Amino acid sequence: MNILSPPHSPPPMSRARAPDAVALNETREDAARAVGALLAAAATRTRGASIKARTLAPHVRHKRATHAVTCETIKHARTIKSVFADACEDLRALVDEDAGESEGKETFRRRGEAYVYAYETLFGNGRGLERWEGGEGCAIARKNEEAMREALKREMTLRGVSSAKALSELVVEASEGASVRYSRTARVNTLKMTVKDALEVFRGDGFECDVDALIDTLLVFPAGTDLHAHRLVKSGGVVLQGRASCLPAAALAPERGWACIDGCAAPGNKTTQLAAMVGREGGVYAFDADAKRLKRLKENATTTGSHAIIRAKCQDFLTVDPANQQYASVRALLLDPSCSGSGTEVNRGDIMLREALCDDNDDENEVDAADHDRVEKLAAFQKKALTHAFNFPEVQRVSYSTCSVYEKENEEVVRDVMGAANERGFKLVHALPAWHRRGIAIDGLSESQARCLIRADPIEDDMEGFFVAVFERDVERTRSKGCELPPSNPNAAAAKAESERDKKKRSMKHATIAQPVYAKKKSKGGKPAPLFR
């Protein structure tokens, strides 16, 4: 028997199996928290707030139902805002954007509660709503429930419909027409099972799925298929990972047994993908400066059984010393630095809410200017990080990727680092030749160079917008030129001294921590030893 839902989007609670009153109100609490966070991101233009991240996090008690209520509330957000503005002074004050920005987090929490209460009252089933204690936002909405209903009637008259259901259908139709639904993808974790075995399990459970045409460890399901509760996901046999997110490691293509670096690793889907590719004989150094995100990476590594392959370090990649002997055996480097996330905007919660709640006279040029400044700063960091990646002396392949559609973060970054790449013996290579959509030729980046690059279109390619470039080192050319590793650490003297101290401390036992010692052991008839031991 299929232990999951049929392959379609989670329905709103009004159509789902009715849970008990306690679960309903726990769902409303978590949905209000998610909606409040998304409202804050939309109002303050803080990018990156994801509906999935807010509703499917470990602390969320009823994930599917919370996701459904959050999505439905967002779809109806513009209508709810109009109702609040027309209903009474209390509700108008609650959604005043200027007041919200100045008062901070608690204001958006109150707003989230009020929006969820309004959705359930006006468009949902409202079952057990009287027992939802909530907070101040819930209390304000409950106190003015009759005023909301009267305002909704006026909104219905304005829209030319005779029922709340008809108005809801209009709203949902407009919302779904503005969004894109991608196929659900799940990467088979080959450290734990084969693709064949995973296919048999899912098909045996009644799921429609097949192997992706480009990435042979990726399974593709119909859009909206819910796999979060499936036993293979919970056990780490498969990893819920978007198709676009799988492209960088697939393009980098490290060999089995290689040592790799993931320069901006957390939360770790790409890291665990690399670990599965290099296998237990290889190793992955994973760097991230955010301790909280790195903790999540370690949890993912444990779930996927790659914790012995991954060495996670809470460190800014730019401070990693390429001359440190610990990284002398690193052959491949994956760099997926912070970016604007513009390729994910099609379905991102903060963007959906910002567009739903904006006034017709909002100044779009102001948004563009703010985005431009932010992208300029991001591009400067991206170029610095990519140039740093070229400094690791034994690295043969480097992948650079973003979930951005902007040339400033993609082709322009590649163009601007080409000089540094060539100095260190790197050149662009044609990444994933089977993929159809390539880069854009710009001033300083030729047509042939652009054809080496990968682009994914968020509207046409059934995945989020993405960009990948792969550089490969001509080892013989580099050696013949006698290229010397330039100092890359801002404090080169300190880095050199630290490296010397490391050499003195390292015993013979520790000298092989990051060395490919498995080859010798294998020649004696034994199994390959792990790279990290």
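Residue 1 is the first one shown; counting continues down the chain.
For all residues, glycine too, the Cβ spot is worked out from N, Cα and C.
In TrEMBL, annotation is done automatically, which means it is predicted and not curated.
Summary of the site annotation: TrEMBL records S-adenosyl-L-methionine binding at CYS264, ALA265, ALA266, PRO267, GLY268, ASN269, LYS270, ASP288, ASP336. Screening the candidates ASP316, ASP321 against this entry identifies ASP316 as the one listed for that site.
Counting only the Cα atoms, the space from LYS270 (S-adenosyl-L-methionine binding site) to CYS403 (active site, nucleophile) is about 13 angstrom. Annotation note: LYS270 (S-adenosyl-L-methionine binding site) sits in a helical segment as assigned by DSSP. The maximum pairwise C-alpha distance among CYS264, ALA265, ALA266, PRO267, GLY268, ASN269, LYS270, ASP288, ASP316, ASP336, the residues recorded as binding S-adenosyl-L-methionine, is 19 Å.
Measuring Cα to Cα from CYS403 (active site, nucleophile), none of the binding-site residues CYS264, ALA266, GLY268, ASP316 fall within 10 Å.
Taking a C-beta cut-off of under 8 angstroms and a sequence separation of 6 or more, ASP316 (S-adenosyl-L-methionine binding site) has the following same-chain neighbours: PHE287, ALA289. Neighbour list (ALA266 (S-adenosyl-L-methionine binding site), Cβ cut-off 8 Å, at least 6 residues apart, same chain): ALA286, ASP288, ASP290, ARG293, LEU294, ARG296, LEU297.
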